Each structure stands twice: as structure tokens, then as C-alpha cells.
Amino acid sequence: MGEHRLARSAFLWGLSGIYLFAFVSLYVQIPGLYGREGILPAWKMLRFTGKGFWEQMKDSPSLLWFGPRLGLDTEMTMELICLLGALLSLGALLFSCLRDSLVFLLLWVFYLSLYQVGQVFLYFQWDSLLLETGFLAILVAPLHAMRWKTSVWSAHDGVTFWLTRWLLFRLMFASGVVKLTSRCPTWWGLTALTYHYETQCIPNPAAWYAHQLPVWLQKFSVVATFFIEIGVPWLFFLPFRRLRLFSFYSQVLLQILIIITGNYNFFNLLTIVLCCSMLDDQHIAFFQRHKKTQHKGGIATSAFSLRSLVSLLEIPIFGLLVFWTVKYFDLQINWDKHSLESRTAFTYHDFQQWLRTITFPSIWIAAASLGWEILKGMYRSASVRGFFWKLWSTLQWLMFSCAAAAMFTISLVPYTYMDFESNGQLWPEVHQMFNTVDRYQLVNSYGLFRRMTGVGGRPEVVVEGSFDRETWTEIEFMYKPGNISTIPTVIVPHQPRLDWQMWFAALSHHSHSPWFASFVYRLLQGNKDVIHLVQNDESLYPFHANPPTYIRAQQYKYWFTEVDQSGHMPKSWWRRRHVEEFFPAVFLDDPFLDNLLSQHGLKDKPPARRSLDAPIPFVLKLIRDFLHPLPAPLLLHSFIFGIFTIYFLQAMFGGVSRPSVAKQRHSMPPNEKKKQKPNSGQGESASSKSSGHGTDTVRRNKKNEKS
């Protein structure tokens, strides 16, 4: 594969945007979720236990411990961290000089600090994925402080960037595997998508239309999902460029389709950012028009022969993937029904045996791929000119290669969770290494949509309030389904964490969601910050004048409406049926409610509020008051619009800064030096015929210096 400079720059740029979305989205929800009188107050997670300050920092690494020293309570410290994180990530998004290792270290520390007190509202896989990706960015990003006066493309950059590809492999492969290891009948029956669109956490309007697609197409979509998540990731580590590009576009296609049909915050965008690890500079430069090549006969004869040989290997590999997909999912065209029929043609035992067989070979394949990147880095270090620079490059290569090997090693523990027999065969030292760093969320296990919920109807909790216990009024949420006539919302990349947890709460008894009792308690109190999570516009909240005397919750089953046989569109988006009472009617000082709150310490008296007269609390309050009326999706979409407007104006007026190719200190082989002697026109022609495999680095740099 070719160089990764532009791909790495795209990865760091995209991750900066993801951090911005994550910090801003969480910031607007802090008072209601984690405030002194929020649903799950964060101050409860930072109680001093008699241990020393640094010992508590070690047990729960978080910058929030420094809040009291700044005169801030826990809530305001969280707001400060979110604002600093948003400002820093916005700067990294707009200015390439800020896409530095130290900047990404700060962003990672900021998000980890929030994660430590986030409790159930931050325990999502994409939060763990962002932390792991963010830590890898510290290794991937350039450290300008160590590069002094020149921007040197370090020999180790390919090694550290490889870790993002390994993370993407683990994410996608595990997401496909767990769907089958869970024994979920909808995944095995290929009918999961006939339920998915209406049962996902927060559907959008496109989900309603996707739900109307014919069953045979839904089943084929499940087969395609398995193909992309289980089969295609094996191509990530093969030395064939076109197969990797195919992998890139297939993964991106899947993520875009999920974005179109669902509200999954920044998760799919983050996955697309990880897909940059499969790109090379030649492919990115093609779209940026860095290369205007006109290949002429004679010069490309040997390259053509090499491409032909590579194609002879690529075609059978791709053909095998298609063949196995057709065979094991029994794909057949039904000409009479004009459809494509499919079924699972293997058993759970067959799949478990296959998984057990390939788990360790997949590790060795990945290890060989990493080893190849390390060897390439060693060769580049040896090619650096000058004894001092060669020594410096070698030391960096050695340090980052060891770091990459360590990250790869500890990631094997969560990776092998999908097959516990393989997990048990790992060396005890590997488990010990993982347990040592587990608190920092450096590596995690993944596996999305393990089981398809909502078979037989989407469970939904509807909260109701009353003044007299006779007349009940439903409390509508901004994002989750409630009123059957309300159109589903589009809120990407925002994640309304209360609405998401309401979806999880509906899947089981209320006792499995202790936070729900606290939520009801705050509504009975008329807590403005918690109400703001339910309705940003208080006038739409039915009890904005006076809090309700009683609150209860009912459980319903929801289904998408369908187009009738005549093709007429229904008037409502949903239909629903009452199932049972989810939470009994309670009031303030109700013994049942008090008992639930006391069991989980949710009625403890908060610490005294700190003064707002100090400069930092005063500024934080001003910012909060200014942003409070804005809905979170509007705020995030404004950021997106503003950023792209800036880039558009820069492009229009010629001020856009493209990712540059760093100057090299690598010496050229003798045959390369001979090719530099002809005139400049010939030199440019030669450099334009880059094969994308890193053989013409110096010539490409010469061309960039001229332009």
C-alpha cells in the first residue's frame, strides 16, 4: 500500500469533528443529567473516601478532582471541560497545526474525565470507541515539539496508523459475529431488518420508508450486512490495494445507509473516520486533483505487467467471498416472483466451530501485517540521512513500534471475548496487562445489535402526569416516539441520552433502571434542568406552569403504520397498543418512591452550592444562559454549517490549506538519483506515474516543492 500522509490527515481532521460533536452534545445535557439536582448527580461519583488526592486520581482518573481547587462544583467543572474540549477540537478542525499529539492527548483526557462520572448515560459502545480511537490518535498525530524546525514524515507513522485499521477490523468483525453467536432468531432467519427500522432507539422519517421495503429485499440486506461485517474485514490486511479500496467503500456504504435510516449520533461518522486507515495518498490525491496524469505507452509496461499479476490474485479472492456468501446463505433468483431468495444454510454449531478455528489465525494475520509495517518503518529509519537524524528516527521507530505492539497485545483480550475458549488460551501476562490499563478505556470489546429487540412490537414507556389522579396528560419527549401523529426527528450527530435510556428502560422492569425513579422525582419537583431534557421549549411541556401532583408511566407497544393496498399513505406514523403499567402513580414523599430513591442514594442532600461571583463560574453561567434556549441539534447543525461555510469561502478565495507532503530526510537509492537528472518535464512525468506503493516518494516531493 502507498503512503498514508493524506489519509492520516483526513483521520485526524475527522476525529476532531467527532470530538466537537461529542463535547457539544454532552454539554447541553449536563445540568439535567449530572447537576446538583439532576437525574444522576455527578458529585456522588467524586466523594472523598479518606484516601490521598493522587491515590483517588489513580482509582478514578478524572480532571474533575481539580474542580474544588478552582472554586467549581462538579457540574461546573464538567461544563468547563466540555467547553474547553469543544474549543480545542474546533481549533483542530480548522487549523492543521493544532492536529498535534498533545492536543489529542488533552481531548482524550477531557473525555475520559467525563466518562468516569457519566454512569449509565455514558456507558455506550460509541463512547468507549471514541476513547479508544482518541488514544490511538495520540500515537498517530505528529508531535511538533519533537520535530523542531522541519516537518518530517516519521518512519513510525505507518506503524501507529495501522492500529486504527486493527480497531476497525475488531469493531466490524465483532459486530457481525455477535449477531450469530447470540442465537437471535431474527438474525439467523435473516428477518432482523423487518423489525430494526421501527424498533431502533430513535427512528427518523427515512426509517418509516425503509420499513415498507419488501421482505425479500430486507433479508438480502441482512445477507449484505453479514458480508460487509464478517467477510470484508479480512481484506483489510491483504497487500492488495484495490481490495482494500473495495473494503473502504463497502464499509462506508453501510455506515451511510445506517445514518440515512437512523439517529445514531456520532457513531457511524466515527466509523467512517476509522475507514480512512484503508486509504492511501494516491487515492485521496485523485479526488483532490493533486495528480493530473496522462499515462503514455512504453513507460508503464512493467507497471502494467505488475497490475495484471496483482489482478490475477485479487479476482479469485473477491470471487471466493462472493461464492461463500451465495453458498452459505443459499442465494437464489426467483424469476416467477421477481425476487432474490435467501436463507441461512449453516447451523449454530457450524458457525461456532468456524469461529473457534479462525480466531487465532486472524490474530496471526494481523500480527504479520503489523510486523510488515514495523519492518517498513525500520527500513525508512535506516534510509534517513545523517548520523544524528538516523539515530533520532530509529529511536522514535523503536519507541512507537513497542507502543503499537503493546496496544495490539492488550487488545487481544477484548477481541477474543467473542470466543471464550480462545480468550482462555491467551497468556496470563496478556490478561494482566489488560487489567492494568482497563480503567483508562484504552481497548474495549464491541458488538452492536447483538439481539433484535421489539419482535412483536416496539416497547415504549409513556410518562403521564396529573393534578387529581383522575385526568392524566402524556408528557411528550422531543425525540423518542410518543404521539402517534408526530413525525420522527432527524438529530444526527446529537445523542439525547435520556431518550436513549428510556428505550432501554422499556425493555425490562423499572427496577433495572434505578435512574427512572430519580427522573420521576425531579419531574414532581418541577426541576427546570430535567424538564429541559424532555422539552427544550418549556411552553410545550404540559406542566410548565405548575409541576404535576402525581406521575405514572405506562408501557405501550408501537408499530410503524403501513401503506394500504391502494397505495394511500396513512395519516399517522405509528399505531400503538397499551400493554401494562410500567411505574405506579407516585407523589412527593410517597413511601414507595422514597424507598426506591433511598436504596440507590438518590435522595442524598447535595453539597452546598459554590459562589458564582468568581470569574470562572461567572463566565460559565453567562455561556450557559446564552446557549440554553438553543436545541442541541440546531446548535450542532449550526456548527456543521459554519465549518463547511468557512471551507467553502477558503476554497473560493484560494485560502484553503491542503494536507501537504512532508519533506523527507530519506536518502535515495542510486537508480532513483539517475532518474532525477533529466529535465524537469521528464521528472514530472515520471513522478505522475506513482503506483501508490511508496516507490516514488522523493520524486513526488520534488514536484510539490515546485508547485
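Any Cβ shown, glycine's included, is placed from N, Cα and C.
For reference, Swiss-Prot has these:
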TRANSMEM  10-30  transmembrane segment
TRANSMEM  78-98  transmembrane segment
TRANSMEM  102-122  transmembrane segment
TRANSMEM  126-146  transmembrane segment
TRANSMEM  158-178  transmembrane segment
TRANSMEM  220-240  transmembrane segment
TRANSMEM  256-276  transmembrane segment
TRANSMEM  309-329  transmembrane segment
TRANSMEM  358-378  transmembrane segment
TRANSMEM  395-415  transmembrane segment
CARBOHYD  Asn483  N-linked glycosylation site
TRANSMEM  634-654  transmembrane segment
REGION    661-707  region 'Disordered'
COMPBIAS  680-694  compositional bias 'Low complexity'
COMPBIAS  696-707  compositional bias 'Basic and acidic residues'
Can you find at least 3 Cβ pairs under 8 Å between the transmembrane segment (220-240) and the transmembrane segment (358-378), where each pair is 6 or more residues apart in sequence? yes
Mind pulling out the one from 78-98, 256-276, 358-378, 395-415 with the most Cβ pairs under 8 angstroms to the transmembrane segment (126-146)? 256-276
Mapped DSSP class for the residue listed as 'N-linked glycosylation site', helix or strand or coil: coil
Long-range Cβ contacts under 8 Å made by the transmembrane segment (395-415), restricted to residues 6 or more beyond its ends, are 136, 139, 146, 154-156, 159-160, 162-163, 166-167, 170, 174, 363, 366-367, 370, 374, 377-378, 380-381, 423, 426, 430-431, 433-434, 437, 442-446
